[in-house]
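Beneath this line is the structure, given in structure tokens, with notes to follow.
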Amino acid sequence: MAPTCAMRDGHNLEITSDAVDTVNAIKGKIWDAASEFDAGKDKSKFRQYVDACDRVKAFYAEQHAKQTVEYNIKVRVEFRNKKRARMSVWDAMEMLDTLVDESDPDTDLSQIEHLLQTAEAIRRDGKPEWMQVVGLTHDLGKLLHFFGSEGQWDVVGDTFVVGCKFSDKNIYPETFAANPDSYDPIYSTENGVYKPGCGLDNVMLSWGHDEYLYHVFKTQSTLPEEGLAMIRYHSFYPWHREGAYAHLMDSRDHKYLAAVRAFNPYDLYSKSDSPPKPSELKPYYQKLISKFFPEELDW
Ligand SMILES: O[C@H]1[C@H](O)[C@@H](O)[C@H](O)[C@@H](O)[C@H]1O
Ligand SMILES: [Fe+2]
Ligand SMILES: [Fe+2]
């Protein structure tokens, strides 16, 4: 008998193998075509941390020293117990506009411009609307900066796993020497507090804009799981670019890795595109936003 899927209205939809093949073929196309956009970019110009300015180096020195297991547990408890703000997605984008990201060696543009650049690059490549919306919103978690973060070190920058050995695939790996967890008898081991293959959903990533936004959108948007994964892991460069932490992945994470890798070029390489004009693009994106989000969200 063919497998079935329970629909919201109570009836069971039969999933024929034809239907599964069609869905997989479409999904495959979405990811395969992802390389079109970055083909003309000189990739050696991005993420040059050896030559980065002092602002970026100081940022990571602080972040790597302070993102401990203890801090990460504390901030998650606070996150659950706090009401921050209620506003629309577009208002959130405008609120973010004054933030200049200290961790980023590749752009001095405002955050609203970066979000629109990312979304526009995805749109130009003919990707689905949900992915355009992911591009448009993926950095909105940086709002944490206005909601009582301790600085930028707990908001922006690449993410990494806490609770096990800090990977050498992180940028400036030597700066983890200032993190007390580097000397903890459990947290400093290969698996630390985790079981191999436990899945990234069960792993604590350094707290910042990705994890925060993932939780906000998980319950307040209709974005597909791949879209939520793009948001949750987009700063997890040691994993999606360098292949670190593979021993903690489960089978679902392989699917998510493909999604995050498909998204990354739009986020990173669109930073060299010409600055977009928010007022011109607003009507198009307002309409898209309304397809995936309620009028206002709890942030
Ligand atoms: O400096 C950047 C910036 O903070 C991005 O928003 C983040 O996603 C990247 O991982 C990071 O390298
Ligand atoms: Fe980001
Ligand atoms: Fe970004």
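Cβ atoms here come from the backbone N, Cα and C positions, even for glycine.
All annotation found in TrEMBL is predicted automatically rather than curated by experts.
Values in this document were obtained by computation on a predicted structure and should not be read as measured data.
Here is what TrEMBL says about this protein:
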BINDING   Arg47, Asp101, Glu102, Ser103, Lys142, Gly157, Asp158, His234, Ser235  substrate binding site
BINDING   His114, His138, Asp139, His209, His234, Asp267  Fe cation binding site
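Overlay of TrEMBL annotations on the structure.
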residue: Glu102; record: substrate binding site; DSSP (3 states): coil
residue: His114; record: Fe cation binding site; DSSP (3 states): helix
residue: His138; record: Fe cation binding site; DSSP (3 states): coil
residue: Asp158; record: substrate binding site; DSSP (3 states): coil
residue: His209; record: Fe cation binding site; DSSP (3 states): helix
residue: His234; record: Fe cation binding site; DSSP (3 states): coil
residue: Asp267; record: Fe cation binding site; DSSP (3 states): helix
Other CB atoms within 10 A, centred on Asp267 (Fe cation binding site): 22
DSSP-derived class (H/G/I helix, E/B strand, else coil) of Arg47 (substrate binding site): coil
Integer Å distance between the CA atoms belonging to His234 (Fe cation binding site) and Glu102 (substrate binding site): 17
Least Cβ-crowded entry, counting other Cβ within 10 Å, from the binding-site residues listed as Arg47, His138, Lys142, His209, His234: Arg47
List of residues, in chain order, with Cβ under 8 A from that of Asp158 (substrate binding site) and at least 6 apart: Ser103, Asn170, Ile171, Ser235, Phe236, Tyr237, Pro238
Distance-selected binding-site residues near ligand 1 (C-beta under 6 Å), from Arg47, His114, His138, Asp139, Lys142, Ser235: Asp139, Ser235
